[in-house]
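**Q** Below is the structure I would like to discuss, written out as structure tokens.
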Amino acid sequence: MFCPFCRLGRLKTLLTSLTLSVVFGTLVCVSPSPPIFIAMRFCLAAASAGVYLTLYIARLELCDPSLRLVVTMIAGLTTVAGELLLLGVALGCQSWRGLLGTGAAPLSLFLCYGIPGVFPESPRWLLLSDRTSDMNSFSERSDRQRDDDSFTGSFTNGFPLATRCELLETEAPSSGHPHLSFPELLHSRNIWKNICVLGFTSFISHGISHCYSSFRGDVRGTTPSFYWTYLLSVCAGGGAWLLLWATVDRCGRRGILLLTMTMTGLASLILLGLMEYLSEAAITVFSVMGLFSSQAAASLCVLFTAEIMPTIIRGSGVGAVLALGCVGRLSSPLMDLRNHYGYFLHHVVYSSLALLAVLSILLLPESKRKPLPQTLADGEQYRRPPLGRRRRDNVPLLATPNPDT
């Protein structure tokens, strides 16, 4: 994902992904054979993932650090509302072609983002790609939107114009496109460590969630309704977003991620070790708790990755974590092995790896209300903070990390 994000920018990548989503969504509906349907469906999923990834990164880069979590939580709850709406559409549609067409058609409305002024380009990408004129026009639009005359012309999103101009002269590469040194990337051990830890945690949290959502069908021999399982998963995801909204800004990203993964592992171990001694109500409670905590951990992994990855590789880092989460979901067919042995094997492996993920989370830095890193050198500065040391939270939108604060 490095090339489209850094060469084209967030806006052009979004428009390209939306266009491809509309095209492949139409082709899926008119597919004449199963092989063509599978191929078009794969392409549609890839284009839709590009839309989700681009919007996620653009939101974070356009927000002040203090509003970053709020905007992300609102977007997450909006996604949950869309999934609930999809359930209603699925119940109302009489054919799979109508369902797929209903899901893909509204994407064409969002192509209006290409109209100038509707969707702004990320100022961080403009700085990184040496788009000085575009950055100045972005700053002028932001200045005109301020009602307070004392701030108009002096600050842009809380960022002094003098400092912004200095950044334009010193931080933006002179080559006209983002500069990435692959030897420097390979030697960025701290960035790779953060990607591996968060990717591993995302893989576990997505993979183990299937154990909780289909617990009765795999253990008690009763097959739950597909719609009921889907509704339970969506509601658990909505509750997870509300939990993150209430706790992450107070307790920090790393602490809440550690808590949710611990709850996920404990719920799995309790269900495996004490299943014969638990009542139906207790089994349901621990299953819902595991589903709830695993979805909270999966959502927080993406936010955490976007906040600690430098702008030059933020799309690649977040995309890698999302891809590993999808690989975790692909392991769900293992639970369908004969005599339900696959379920227990799946549960034992993932619960063991969840405990390992809890230990690896301790190696992550804290990104609560911290500035987004811009270059690889900035990303290397995001290390695990020493115990008992306080760090400054209120920082400008485009400031770079300062290891001395």
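Every residue gets a Cβ built from N, Cα and C, even glycine.
Remember, TrEMBL labels are computer predictions, not curated facts.
According to TrEMBL:
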type     : residues : note
DOMAIN   : 1-369    : domain 'Major facilitator superfamily (MFS) profile'
TRANSMEM : 35-57    : transmembrane segment
TRANSMEM : 69-92    : transmembrane segment
TRANSMEM : 98-119   : transmembrane segment
TRANSMEM : 227-248  : transmembrane segment
TRANSMEM : 255-275  : transmembrane segment
TRANSMEM : 281-304  : transmembrane segment
TRANSMEM : 311-331  : transmembrane segment
TRANSMEM : 343-364  : transmembrane segment
REGION   : 374-405  : region 'Disordered'
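I'm curious about the neighbourhood of these features; can you describe it?
**A** Counting same-chain residues at least six beyond the ends of the transmembrane segment (35-57), those with a Cβ under 8 angstroms from any Cβ of the stretch are 1, 4-5, 10, 13-14, 16-18, 20-21, 24-25, 27-28, 72, 75, 104, 107, 122, 302, 306, 314-315, 318-319, 322.
Only residues 6 or more beyond the boundaries of the transmembrane segment (69-92), in the same chain, are considered here, and those with a CB under 8 A from a CB of the stretch are 55-56, 59-60, 63, 99, 102-103, 227, 230-231, 234, 237-238, 241-242, 244-245, 248-249, 299, 303.
With a threshold of 8 Å between CB atoms, the same-chain residues lying at least 6 positions outside the transmembrane segment (98-119) that come near it are 11, 14-15, 18-19, 21-22, 24-26, 28-29, 44, 51, 58, 86, 89-90, 141.
Residues of the same chain lying 6 or more positions beyond the ends of the transmembrane segment (227-248) and with a Cβ under 8 Å from any Cβ of it are 69-70, 73, 76-77, 80, 83-84, 87, 90-91, 209, 213-214, 256, 288, 291-293, 295-296, 299-300, 303, 368.
Sequence-distant contacts of the transmembrane segment (255-275) (same chain, at least 6 residues past either end, Cβ-Cβ under 8 Å): 201, 204-205, 208, 211-212, 215, 219, 244, 247-248, 283, 286-287, 289-290, 293-294, 296-297, 300-301, 304, 344, 347-348, 350-351, 354-355, 357-358, 361-362, 364.
Beyond the transmembrane segment (281-304), the same-chain residues lying 6 or more positions past its ends with a Cβ under 8 Å from any Cβ of the stretch are 56, 69, 72, 76, 198-199, 201-202, 204-206, 208-209, 211-213, 215-216, 232-233, 236-237, 239-241, 243-244, 248, 253-254, 256-257, 260-261, 263-264, 267-268, 270-271, 275, 318, 321-322, 325, 364, 367.
Only residues 6 or more beyond the boundaries of the transmembrane segment (311-331), in the same chain, are considered here, and those with a CB under 8 A from a CB of the stretch are 1-2, 4-6, 13, 49, 52-54, 56-57, 61, 124-125, 128, 178-180, 185, 191, 195, 198-200, 202-208, 210, 298, 301-302, 305, 346, 372-376, 379.
Outside the transmembrane segment (343-364) by six or more residues, the chain places 193-194, 197-198, 200-201, 204, 207-208, 210-211, 218-219, 253-254, 257-258, 261-262, 264-265, 268-269, 271-272, 304, 308, 331-332, 334-335, 337, 384 with a CB less than 8 A from a CB of the stretch.
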**Q** What average pLDDT is reported by the model for the domain 'Major facilitator superfamily (MFS) profile' (1-369)?
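**A** Across the residues of the domain 'Major facilitator superfamily (MFS) profile' (1-369) the model's pLDDT averages 77 on the 0 to 100 scale.
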